[in-house]
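A.B. asks: A single structure is presented below for examination.
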Amino acid sequence: MAGKARVHELAKELGVTSKEVLARLNEQGEFVKSASSTVEAPVARRLRESFGGGKAAEGAAKAPAKAAAKGDAKTAAKGDVKAPDKALDAALDNAIKAGGNGEAAAPPAQPGGTATTPAAQATPEAPARPGPAAARPSAPAPGQPKPPAPGQPPRPGATPGPRPGPAPKPAARTPRVGNNPFSSAQPVDRPIPRPVPRPGAPRPGAPRPGASPGNMPPRPGGVGGPGRPARPGAPRPGGGRPGGPGGRDGGGGNYRGGGVGAPPGGGGGFRGRPGGGGGGRPGQRGGAAGAFGRPGGAPRRGRKSKRQKRQEYDSMQAPVVGGVRLPHGNGETIRLARGASLSDFAEKIDANPASLVQALFNLGEMVTATQSVGDETLELLGSEMNYNVQVVSPEDEDRELLESFDLTYGEDEGTEEDLQTRPPVVTVMGHVDHGKTRLLDTIRKANVREAEQVTVEHDGVERPITFIDTPGHEAFTAMRARGAKATDIAILVVAADDGVMPQTVEAINHAQAADVPIVVAVNKIDVEGADPQKIRGQLTEYGLVPEEFGGDTMFVDISAKQGTNIDQLLEAVLLTADAALDLRANPDMEAQGVAIEAHLDRGRGPVATVLIQRGTLRVGDSIVAGDAYGRVRRMVDEHGDDVEEALPSRPVQVIGFTSVPGAGDNLLVVDEDRIARQIADKRSARKRNALAARSRKRISLEDLDSALKETSQLNLILKGDNAGTVEALEEALMGIQIDDEVALRVIDRGVGGITETNVNLASASDAVIIGFNVRAEGKATELANREGVEIRYYSVIYQAIDEIEKALRGMLKPIYEENQLGRAEIRAIFRSSKVGIIAGCMITSGVVRRNAKARLLRDNVVVSENLTINSLRREKDDVTEVREGFECGMTLGYSDIKEGDVIESYELVQKERT
């Protein structure tokens, strides 16, 4: 036994029990725990000697199987076919021991020598015949390795004999030709009788009867001598799936032909499920069914379900868009939000987003699956697939978002008995410098804020009125529109000496769009040149007909500076409110309102001026406004006093937001901070998607070349003192139209001072920071100087717009215009070791200047462009220019010149772009 041996293997070899072996080892001083323990080779040798196995037993166990097989082969070749059963059993035992535990052994044959394998029974014995049938070489017997090819040295360790210890190994003899499976010369075959197997019980170590040797490693070959050649045309036993055990006369299925008396060859072939039938058609391999763990038998084809058939039919009927087959709709409506991606669309129609991407690519538009897509693209793609794509408006989208949390906005809860009278909300609108703010100062005798509430006596009863001021600048269109939507009555201020101006018309349009009644205040009647009747005539063109002209619009002539007719104006406001409006609200519900303005205060954080429209806002309520949320920590009225609650039509400053809300965002009170945060997060994501879809520039395959060209882009970061100013500045800057070569992009915007975060973002994106009525905080200025970030400060919005427009014009690629200078004809060519080739020229027209651009003409064909006149000499002097009619020498840095060529000189003049 080579190497270490286990105790139970030694016990089986010696024919004793494991306990006896363990006891004997303990007597010899070897500490062995159990029958599965291993012992070294010297210990095993001493153990065999102690049991009296002698050198014969040791030699049988230690000698390689090759020597034993060679001896048997010699005996068979000499004709000694009547070997006793004991010799045969000893040879088989030696072969099994030498082959190891994992080798396959033959099951015991049935009494009488009948084989157990049907394939072996069906194969009759026949004498071997020379010829093509004997061309298959026989394999070595079990226990005998394959003999080496002629001229190849045998493997070391193949010599027989006992091995009591390290001893020199004698050289192996050259095997006979007949035992070499690779030799072309084969011995004359003669029938050799099989040795009679000994009947009895199966020996230890032999496989169980009926076990399949196909699951065992292959053996080198049979025990006997050269094998009997196969019969021509007969099927090979065991070809294909592994079968049952064969008889003693059956050769291995895929083994190299076993000799006479070899152990039974089971089904050969691949490892698979045991018990499969071997064979196939005569002369061919069996099928591979069952091989590599595959189930045998013919594959089953089940019937398709109705759903599978329907899916196949729908796929065949699906429309092909851009060469891609897509799902076919039934005309149903698909609702998508603004800035939806192809993944969102694919999820709605149960399609693959990659198919939609490929379809759009084939149609000429390049987008990704997660990229925001414009509304037109979604509608076009949906119409091709027979879907009606409906892009949800922002109002509907926000309403659906609130409904998902069981919330509503814009409706009073309760019955008619729960509604109570509220003060009117009045917005003052008009053109810039027409006296809006002065009018409010006169009304409240103090500086006005964004929203104020004053008390007016009407019919002997004091009634409060809430005023909202709006800017009159052109850039603040959105603020005027918000003021018109949040108000009940609009006061239109028109200067009597100036007349109707563009912002006046815009304010009229906003008020009429919001269906708000208008009271006209004709201001500055005390100024020289004032004509109130002219104002009435001009406003008639816009549908504002005075009552004295038979209309329903109240006109009041006032002077905000002198305080003239202010009471009549307030009286007109209350009369209009009582006549045309139902000013009632339910104060016993959760508060709802609108953020008029918002800014970032250094000491208090985000501060929002909120107008409560219905319900009551209290300190401690969880609120959400746009994409900002928080909890009310403090409320301040227009006088700077703290208040605990705010009733309908009451303006207050709310402190407690986590971020600055947008001007015009709806305010809503919710039950928990968690709900407020979820609503704010979803609104923020929706806003980002909509902004990405709006700012994405469509790139088609037709203009791909132009899109890939370098485009100048100016990145800006906007910071302002309040949200309305930042919004107005951004809209004004985005409205600048210069050229397609330059682009303006606002990468960030915010309320408050310029921070180090803004500077870092500007440094990373090569942006310019615009500060409107704000300054840099802390070390932001030092960081900007160190990083080279430019910060511009403005307090007038028009100045910022003009400078940004000039910067964009400076980023345009310059346009150069060619200005012809003169022509020179080459009369002679000189060569110099210092300057190279010199052209001796005559100036035929114009003037030639040094360092000017030149082109070389030969027979009126341009030979070279974009040359430079490096040097210019007249006689021996260096000159800057040579005029017509004079000779000169010049160098162009170009060697391919000939006499008669013409040098044309020109200069490029940059043309200013407009």
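Counting begins at 1 with the first residue displayed.
From the backbone N, Cα and C atoms, a Cβ is placed for every residue, glycine too.
Pasting the relevant annotations from Swiss-Prot:
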BINDING   430-437, 469-473, 523-526  GTP binding site
COMPBIAS  57-68  compositional bias 'Low complexity'
COMPBIAS  69-84  compositional bias 'Basic and acidic residues'
COMPBIAS  98-138  compositional bias 'Low complexity'
COMPBIAS  139-169  compositional bias 'Pro residues'
COMPBIAS  193-207  compositional bias 'Pro residues'
COMPBIAS  236-296  compositional bias 'Gly residues'
COMPBIAS  300-309  compositional bias 'Basic residues'
DOMAIN    421-581  domain 'tr-type G'
REGION    52-84  region 'Disordered'
REGION    98-326  region 'Disordered'
A.B. asks: In which DSSP state, out of helix, strand and coil, do we find Ile525 (GTP binding site)?
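C.D. replies: Coil, per DSSP.
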A.B. asks: Sort Thr470 (GTP binding site) into helix, strand or coil using the DSSP assignment.
C.D. replies: coil
A.B. asks: Tell me whether Lys436 (GTP binding site) sits in a helix, a strand or coil according to DSSP.
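C.D. replies: DSSP call for Lys436 (GTP binding site): helix.
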A.B. asks: For Thr470 (GTP binding site), list the number of other Cβ atoms lying within 10 Å of its Cβ atom.
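C.D. replies: For Thr470 (GTP binding site), the count of other Cβ atoms within 10 Å is 25.
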A.B. asks: Over all shown protein chains, what is the count of other CB atoms within 10 A of the CB belonging to Asp433 (GTP binding site)?
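C.D. replies: 13, counting other Cβ atoms within 10 Å of Asp433 (GTP binding site).
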A.B. asks: Hey, what's the Cβ neighbour count for Gly430 (GTP binding site) at 10 Å?
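C.D. replies: Counting Cβ neighbours of Gly430 (GTP binding site) within 10 Å gives 27.
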A.B. asks: Across all the protein chains here, work out how many other Cβ atoms are within 10 Å of the Cβ of Ile525 (GTP binding site).
C.D. replies: 19
